[in-house]
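Worksheet for the structure shown next.
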């Protein structure tokens with residue numbers, strides 16, 4: 001065997017295994033999405049007429065409602081209607097809202113930036129700060145700072161989001177009148193200069209940021225602390241210390257790096273929370289984001305909006321699971337694609 005073959009064969013084997021694994025997982029995603037959308041479609045079909053709101057509106061021409069029913073296959077059996085709806089989704093036609101009469105894709109485009117502007121900032125803050133605090137509390141196990149953040153973490157994980165949001169609203173909006181109780185922008189500020197709009201929106205997102213950031217922060221502290229404590233008990237860490245390696249080297253190369261494996265995996269698993277994690281908070285603070293859009297669609301039986309949101313969330317979820325699995329294999333060489 002030539003020298004080059006010994007070096008490159010394992011790399012080619014890993015690459016082929018990775019391609020096979022990714023291909024297999026992608027092929028599995030297709031029936032998964034099909035099953036999710038089919039089951040949800042059947043349940044939504046049992047909820048009644050999705051165009052009842054439009055039909056009851058005296059300002060909307062009833063011939064237009066009949067046109068929509070025929071255009072989207074509501075004059076056909078459920079199974080035929082599902083495949084008709086699926087064919088429209090594959091063409092990029094998400095339909096028209098039965099409540100507002102707007103295109104669903106326009107509603108999503110309007111709500112998505114609002115949700116992302118809140119969630120990405122709060123998620124990044126809670127992740128970075130939570131990992132740092134979790135790492136240092138694990139190194140100071142049973143100290144005052146460890147006990148303090150442990151109790152704080154349990155409070156954050158156990159405290160209902162809606163209750164915390166209502167308490168902040170009562171305190172800062174009702175009692176002291178420091179912050180607006182809800183909304184996302186003061187009426188009339190749409191055409192204001194950028195810095196003025198930024199300051200205006202800032203006062204609206206303070207309370208949602210506290211609610212989402214506190215819950216996420218306490219979770220990451222607990223996850224990181226548990227992962228670091230587990231790494232500190234490993235035999236290779238004891239061996240590295242017995243060899244006389246500096247503590248900073250042991251922590252950096254053997255503890256912190258390996259403890260990040262489950263954290264990175266959990267990060268990708270938490271990615272769908274960018275879009276859906278703030279649904280309750282958006283509803284409480286009257287923020288017109290994706291969470292409010294989905295909850296409003298379900299409450300008003302807005303069939304097209306609810307199904308389009310389901311397709312979007314399901315796709316993000318299954319892709320996040322795929323990326324998490326692939327990332328874990330790359331981070332942990334003990335796990336094989338086969």
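Every residue gets a Cβ built from N, Cα and C, even glycine.
Of the candidate ranges 79-102, 151-174, TrEMBL annotates residues 151-174 with the feature transmembrane segment.
TrEMBL lists transmembrane segment at one of the ranges 26-47, 48-69, namely 26-47. From the options 240-262, 263-285, the stretch TrEMBL describes as transmembrane segment is 263-285.
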